[in-house]
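Everything below concerns the one structure shown next.
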Amino acid sequence: SMLGFALALGSAACNGLRWASSQIWMQGSTEVRSGPIDQLFRQLPPAMLVLAPCAAFLDADPIKHQIQDATRSGEFFAELALLGIVFAMAGLALVLIELTLVDRLSSVVFAVLAIVKEVLLILLSVLIYGDVLSPLNISGFFLVLVGLFSFKVTHRQ
């Protein structure tokens, strides 16, 4: 859908800006240099201010129905708390790893690695789950592969 495409494009743009700004702060001069933990505390509050209302708006109805169905079971709130803690810790670890990689590499190399990850996920979804790609998906997939190859060739020089 067009909304999904716009959200994915916006997410990619925001990630690129976040990685570039993180690289500037973490690899800058010694007066302004900060580490991944500092960046984590700088990025999380604004991210929550933006993402929480978006998630509430976009997912309100599905969440409401899931809660109504699940509250019939007494274990719902314990499961919800456990899942919340597990996913919050996993998300925190993922962002910390991401910031550490941006600190050690560059934001461009990290962005390329993120694209490689997406390509691998698509390949695995086709091979393991039998997902079917449309001709447009396949042409986009090969366009990304050409871009990755071009980056590899020009990055060596």
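Positions of Cβ are set from backbone N, Cα and C atoms, glycine also.
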Exercise. Pick from 41-59, 136-154: which range does TrEMBL record as transmembrane segment?
Worked result: 136-154
For this session: Take the transmembrane segment (80-101) and find every residue of the same chain, 6 or more past its ends, with a Cβ under 8 Å from one of its Cβ atoms.
Result: 19, 22, 26, 36-37, 39-40, 43-44, 70, 110, 113
